[in-house]
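These come from TrEMBL:
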BINDING   12, 13, 14, 15, 16, 17, 35, 94, 99, 121, 145, 276  NAD(+) binding site
DOMAIN    7-185  domain '3-hydroxyacyl-CoA dehydrogenase NAD binding'
DOMAIN    189-284  domain '3-hydroxyacyl-CoA dehydrogenase C-terminal'
SITE      142  site 'Important for catalytic activity'
Ligand SMILES: CC(=O)CC(=O)SCCNC(=O)CCNC(=O)[C@H](O)C(C)(C)COP(=O)(O)OP(=O)(O)OC[C@H]1O[C@@H](n2cnc3c(N)ncnc32)[C@H](O)[C@@H]1OP(=O)(O)O
Ligand SMILES: NC(=O)C1=CN([C@@H]2O[C@H](COP(=O)(O)OP(=O)(O)OC[C@H]3O[C@@H](n4cnc5c(N)ncnc54)[C@H](OP(=O)(O)O)[C@@H]3O)[C@@H](O)[C@H]2O)C=CC1
């Protein structure tokens with residue numbers, strides 16, 4: 001029996017969690033948006049409102065749909081408010097211990113038939129599933145950033161994920177208007193297995209002095225027709241997330257070609273995480289981003 005999804009819980013109200021709540025609400029799902037910090041839930045709701053207003057100004061959404069969608073999103077200060085959801089999508093920070101802790105706290109609160117999904121960029125679905133009370137109803141639903149604009153969603157089954165869970169996740173993802181690519185449960189799946197080593201190589205190119213931040217990004221935008229340069233994209237993703245993904249690839253595939261660039265490590269250690277901290281390879285505090293190297 002395929003579970004019918006009507007209400008979605010989103011855990012983590014950062015850039016991805018907010019984007020996921022946004023697209024679910026616009027598609028007609030009721031959403032409960034949770035985060036460890038109440039302030040983050042409020043800032044997440046504010047960014048959703050801003051992004052929907054942008055879609056209205058571009059004629060991609062009418063005002064009535066925007067207000068109806070916003071009304072479908074409930075701030076869930078406590079995980080207890082996820083007790084009646086049919087699907088949870090975890091989108092907290094890319095840290096396995098934190099994700100495991102969330103699942104341990106969350107599972108006893110959920111309906112037995114609720115599906116539990118993670119938006120992880122890279123971590124083993126099989127291993128995360130094993131920490132829950134429902135490995136057969138656990139799956140990777142991996143959105144791309146920014147969620148309202150990016151068409152792709154990677155679906156990743158763990159070894160125990162049942163067909164009913166996979167089918168329900170496909171129906172749900174299609175209702176969001178997304179295109180599905182199915183990846184097997186290997187480190188960083190498909191998109192990040194290919195994209196992050198490219199970004200890491202761009203950081204090595206900077207670290208070794210081959211080019212400046214601006215030259216490297218210009219080279220790839222004009223030379224390879226990328227919409228964003230790799231360093232601009234790294235700042236957009238978040239340098240902490242980029243580093244976590246490279247570490248998962250390096251440890252998971254045991255190949256030195258995935259070793260994170262020391263400059264990436266240093267930026268994360270300095271707290272320069274990119275757009276979300278106003279500083280990474282660019283400084284975002286002014287009118288336009290300024291290269292920092
Ligand atoms: C890390 C993982 O696990 C997986 C991943 O996500 S990997 C990363 C995948 N994402 C990418 O590669 C993104 C690459 N960048 C792009 O495709 C484009 O730069 C972009 C779609 C983000 C922006 O489009 P653009 O035309 O080049 O620039 P821009 O004009 O700034 O944005 C176009 C529209 O999208 C909107 N937009 C930009 N960022 C946005 C965001 N974070 N949320 C919602 N809307 C956004 C802009 O507001 C803009 O609308 P306006 O023209 O009204 O301002
Ligand atoms: N960034 C990207 O381009 C993409 C990221 N992803 C994945 O999505 C997930 C989220 O990434 P992203 O949105 O960029 O990260 P952000 O740092 O923007 O947001 C993470 C959010 O999780 C919150 N959080 C931390 N611990 C907990 C907890 N125990 N319970 C609830 N919330 C918690 C953080 O709060 P606080 O800040 O207060 O700690 C923050 O609000 C990661 O797994 C990432 O790999 C997937 C696709 C693309």
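Just so it is clear, glycine is given a Cβ too, placed from its N, Cα and C backbone atoms.
Please treat TrEMBL annotations as automatic predictions, because they have not gone through curation.
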Separation of alpha carbons, residue 142 (site 'Important for catalytic activity') and residue 35 (NAD(+) binding site) (Å): 19
Site with most surrounding Cβ atoms, counting all protein chains shown within 10 Å, from the binding-site residues 12, 14: 12
Entries of 12, 14, 16, 35, 99, 145 (binding-site residues) sitting next to ligand 1, with Cβ under 6 Å as the cut-off: 145
Residue 142 (site 'Important for catalytic activity') versus residue 12 (NAD(+) binding site) - Cα distance in angstrom: 14
For residue 145 (NAD(+) binding site), the number of other Cβ atoms found within 10 Å of its own Cβ: 16
Integer average pLDDT (0 to 100) for the domain '3-hydroxyacyl-CoA dehydrogenase NAD binding' (7-185): 97
Maximum Cα-Cα separation (Å), residues 12, 13, 14, 15, 16, 17, 35, 94, 99, 121, 145, 276 listed as binding NAD(+): 20
Lowest local Cβ density among 99, 142, which the record lists as recorded positions, within 10 Å: 99
